[in-house]
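Below is one structure, written out as structure tokens; comments come after it.
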Amino acid sequence: MESELKDMNSNPPSSKEERPLLKSESDVTAAIEELDKKFAPYARTDLYGTMGLGPFPAAEKVKLAVAMVTLVPVRFVLAMSILVLYYLVCRVFTLFSSPYRGAEEEEEEGGGVVQEDYAHMGGWRRTVIVGSGRFLSRVLLFVFGFYWIPESCPDPETTSSSEEDDKEEPERPGVIVSNHVSYLDILYHMSASFPSFVAKRSVGKLPLVGLISKCLGCVYVQREAKSPDFKGVSGTVNERVREAHRNKSAPTIMLFPEGTTTNGDYLLTFKTGAFLAGTPVLPVILKYPYERFSVAWDTISGARHVLFLLCQFVNHLEVIRLPVYYPSQEEKDNPKLYASNVRRLMASEGNMILSDLGLGDKRIYHATLNGLFCKS
């Protein structure tokens, strides 16, 4: 996210003649409003403004000042304590255990996929890791101000696929799919089902978080890897999806098919990775209502986002858990159709707007905004 915000900063104008034709603050404001309309799925519409830079009303400045000397220090200490505590749990209960490695260890060849986790570890130690992980994730959300999280489940008769009625015994879903709004999505899903995620390879090497991600069973991806390794990424994810579908003891995998975050009001085109295996999927919709600060992680730096998040006394999250979606044979044969149908169902049930924009458009939006703020 932060790298997307730095794309236009490397060559600032050296003279007045090189500056754009935006001569006044009103010109810049008008340009930003036009950009927000064009790239609506990524635009921030909260009280804190585009990129979280304001302008802030006087009352909001007072609230922020008070929160920074009261709420923020307490919440920061509690959050770090929870993180360290769970790291210690993971460290103790993985002692003398070797991490599971997939059949294809492409990392040795500089490939795109790394499979190294403790999620395939069975027995009571795995039970402790999962149980404590779910509990502490929910505690961490509480510390961040999500004191209650209402969940709703629509009537299965109005949302089920055509294939579901023909099944005598329901199949286990191979993957959970969810819209993506914030890094907080991961905390919620950890507290709800403790699934595996797809993550950058560097995550597995981070202090504290690295071991936790291995206990989650994350599939590590070298995003810079080129086409020869892309098949390795797709193949590894598909294998994990099929494994979760046929084996109840296997770790569930969680995917964000949009491939990036939005402001929560829109649903982008789904990538087909979660649907290639043709197994049932469990759609989950996350909604973050707000009055002052939107927790959507768009156009705002990570540090500023965390600071403003900790300053909010109450934050809100609502969850809509749809019934398991069983694909028809036509959908199994056509992953794009399968992905499109699930996307339309989620948009309808979550009251979200469909958008055809993608990650490339988001980067253009961020870079243009960055340039406007640097030159205004």
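Cβ atoms here come from the backbone N, Cα and C positions, even for glycine.
The shown structure was predicted, so the numbers you read here are calculated from the model rather than taken from an experiment.
The feature region 'Disordered' is assigned by TrEMBL to 1-27.
Marked as compositional bias 'Basic and acidic residues' by TrEMBL: 15-26.
As annotated by TrEMBL, transmembrane segment applies to 64-89.
Taken from TrEMBL, the feature domain 'Phospholipid/glycerol acyltransferase' applies to 174-289.
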- Cβ contacts under 8 Å made by the transmembrane segment (64-89) with residues that lie 6+ beyond its boundaries: 56, 128-129, 132-133, 136, 139-140, 143-144, 208-209, 211-212, 307-308, 310-313
- Item | Local confidence of the domain 'Phospholipid/glycerol acyltransferase' (174-289) - pLDDT mean | 88
- Task: Over the span of the domain 'Phospholipid/glycerol acyltransferase' (174-289), count residues by DSSP class, listing helix, strand and coil in order.
- Result: 42 helix, 23 strand, 51 coil
